[in-house]
Amino acid sequence: MAKSKLLSALDNEKGRNFKLEKQRKQEKEARKRKAKHISAEDGNDGEEDDGVSLAEEVEAAVNGQAKKEKKKDKKKGLKPAPAPAVEEPEWETDESDEEIDSEDELDDDDDIPDRAALDLSRLEDSDSEGMFDSDEEEEGEEDDDEEEDPEAEDDIPLSDIESLASEDKGDIIPHQRLTINNTAALTAALNRISLPYSKLAFSEYQSITTDEPVDIPDVEDDLNRELAFYKQSLSAVKEARQQLKKEGVPWSRPVDYFAEMVKSDEHMGKIKAKLVDDAAGKKASAEARKQRDLKKFGKQVQVAKLQERAKEKRDTLEKISLLKRKRQGADVTTTNEEDLFDVELDKAEKPTKDQRGPKPKSAGASSGGTGRRSSMGGSGKRKASSGDRDGGDDDGKPNFKRQKKDSKYGFGGKKRHAKSNDAISSADGRGFSAKKMKAGGAHKRLGKDRRAKRN
Amino acid sequence: MAAVYKTLSSSSNGDKVPAGEKKIRQRVLMLSSRGTTYRHRHLLQDLYSLMPHSRKEAKFDSKSKLHQLNELAELYNCNNVLFFEARKGQDLYAWMSKAPNGPTVKFHLQNLHTMEELNFIGNCLKGSRPLLSFDAAFEKQAHLRVIKELFTQIFGVPKTARKVKPFVDHVMGFTIADGKIWIRVYQISETEPGKKKTANGEEADAEPVPTPKKSKGKPEFDVSLVEIGPRFVLTPIVIQEASFGGPIIYENKEFVSPNQIRSDLRRGKAGKYNRRTEETMEAKIRRGDLGLNSHGGRKNEKDPLSDKVLFA
């Protein structure tokens, strides 16, 4: 500017020292100023007023970092940097902001030797211009770096992700696109199209917004999600109903108002048929399950019953054999109960003995109807009396071995017709019932299934 | 019948409406692109039956020149456009626009269930005006406010629409969950509390809550909702300033296109094979380095003290 080429050449000759000294001096001044004011200027701004103002302009245009703003405010009563007009951090303009921020930081960080070297390189130009240009150049370099950096932090390029294994990239959301959220434009668009709600009656638009945002913790949880939707709509219905009643708008459809519906009768019929089908299916399956369970249970009951019967039979047989032994041997058991039982049986048996007493022995042998046991008893006696061939005891019993063999193979007599009727059995009318002789008299035996169920 | 009722009711309470008030006029042009599936078509049909102020148009035979829709809307006197764009015979995108000047919102439509397949027992008058119920989250962000306004104008039936019926018997719910907009349609069913009809088979979990009815001593009614259908979920993708054109003023960063998802899945499967082959190759090389392969690889150095060398 003011300096001529000659002067600059002189400077060149004297060189650096002069410059450096000058700068040092200015730096000292700057420090003094810094001491005076709390905020301060760095060495770079002190050189020319021109440069300072330019730098300030840059700063003023930019909403800098907190410390910057503070500095600016105190320094020259400039009006504070405009508050960020942006709410969202992901704005288009953000990047440019960051760029300028970085420039500012650069200004701060400039070192003296650096600047000296730069000045030397551009001696033809005036100092101030040279300074500013050099700064800008550096800024330009830095800008490129800065532009890439934030993206590198936030977004992972898609190409990187593709090379990853599918398991690894589960959590990473690929951000290949730039987010655009132009709030100002959105608001403008909204204002352009929105209805004048404050002037309108509620019945004109019929739209209700909930007071609280609907909170759905887990979208995958179908039941709770649908319940939240349902509640939201229900609350809206209640509110709207009151408002519409206030405005005198017809709300519910009268019963006699018939009109076309959204779903045709045919469609509703289909839905009903499906509901009925579903219900019937449910009922049928429940019934089938019940039957299965019953069947399983019935089988158990039947088995238990058979076992019980078998046990009963075993018990009676045991008792009978006990009795037999008691009759043959002396007293095997001496329990009271058994005695009682024996007495009764003896009493019952005595008359048959008496009956048979006068009869000839052949008749006794032939009378199978009265019971095998009694005939056996009789034959045993006869055997004993006829001759002690088997080495029996004194009381007319055959010996033990003979008894065993008799019981195993049977003894004597004819085995045929043992079960056929004889005069006595056919004269016995105890089992006869006139009721049973009639056509449907005795009730029929139930089927297996029903018997199982009844028990 | 509706016309008769309208004339009667208008004669009865017509004096309430101020004469100077401007009518709200909404007409929706509703159409789809070519290549829709039957479910997409049924959804269109369902929405058409729920919106008496809509005009259904033949399929639109272009996916690139969507601005032609503006002329179409003008032709049919519509100031809203609801356009369904099907891609690849499976993905459905919904465009909603205020016809001449915008804005336009593009959604991805997912989880679509039409009335026909849902078998809900709810039903409502064809042409009755819906209540619109919005989640409070719609007021939180600028782009959602725009979307809400569009919904209000497109799905809300104006009072003066031609085929409109006078009662309010269904409600449309718009809820934001998981960054998506979930839409449900319910019938408002009122039952007298004495004889409580359990008509709501689907919504058995929600018991009707009594609401006091204020007007002239009528009995109080229980209000409950029965879902009508259809159900669908919208993911906003892009908002344009003009109608089917103009600068993009919002773009959803989190939206991943279904193509991307499908290709990721495919790539995942392919990657499995690639990894396995790579591993086998590595194993082979390792074995070769250890001198375990019969062919190729590194040969073991001969031991200078082995018998073969010493007694050769």
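Cβ coordinates come from backbone N, Cα and C, glycine included.
Per TrEMBL, coiled coil is recorded for A:220-247. Tertiary proximity for the coiled coil (A:220-247) is limited to same-chain residues at least six positions away from its ends with a CB under 8 Å from its CB atoms, namely 201-203, 206, 208, 210, 214.
The compositional bias 'Basic and acidic residues' annotation in TrEMBL covers A:11-30 (among others).
What TrEMBL lists as compositional bias 'Acidic residues' is A:42-59 (among others).
What TrEMBL lists as compositional bias 'Basic residues' is A:68-78 (among others).
According to TrEMBL, the compositional bias 'Acidic residues' annotation covers A:87-112 (among others).
The annotation compositional bias 'Basic and acidic residues' is assigned in TrEMBL to A:113-125 (among others).
Sequence annotations record features per position, and here TrEMBL assigns compositional bias 'Acidic residues' to A:126-157 (among others).
The DSSP breakdown of the compositional bias 'Basic and acidic residues' (A:280-296) into helical (H, G, I), extended (E, B) and coil residues amounts to 17 helix, 0 strand, 0 coil. Residues annotated as compositional bias 'Basic and acidic residues' in TrEMBL: A:280-296 (among others).
Residues annotated as compositional bias 'Basic and acidic residues' in TrEMBL: A:306-318 (among others).
Positions annotated as compositional bias 'Basic and acidic residues' by TrEMBL: A:344-357 (among others).
For A:385-398 (among others), the entry in TrEMBL reads compositional bias 'Basic and acidic residues'.
The compositional bias 'Basic residues' annotation in TrEMBL covers A:433-455 (among others). Long-range Cβ contacts of the compositional bias 'Basic residues' (A:433-455) within its own chain (Cβ-Cβ under 8 Å, at least 6 residues beyond either end) map to 294, 298-299, 301-302, 305.
Feature annotation from TrEMBL assigns region 'Disordered' to A:1-173 (among others).
Taken from TrEMBL, the feature region 'Disordered' covers A:280-455 (among others).
Secondary structure of the compositional bias 'Basic residues' (A:433-455) per DSSP (helix as H, G, I; strand as E, B; remaining residues coil): 11 helix, 0 strand, 12 coil.
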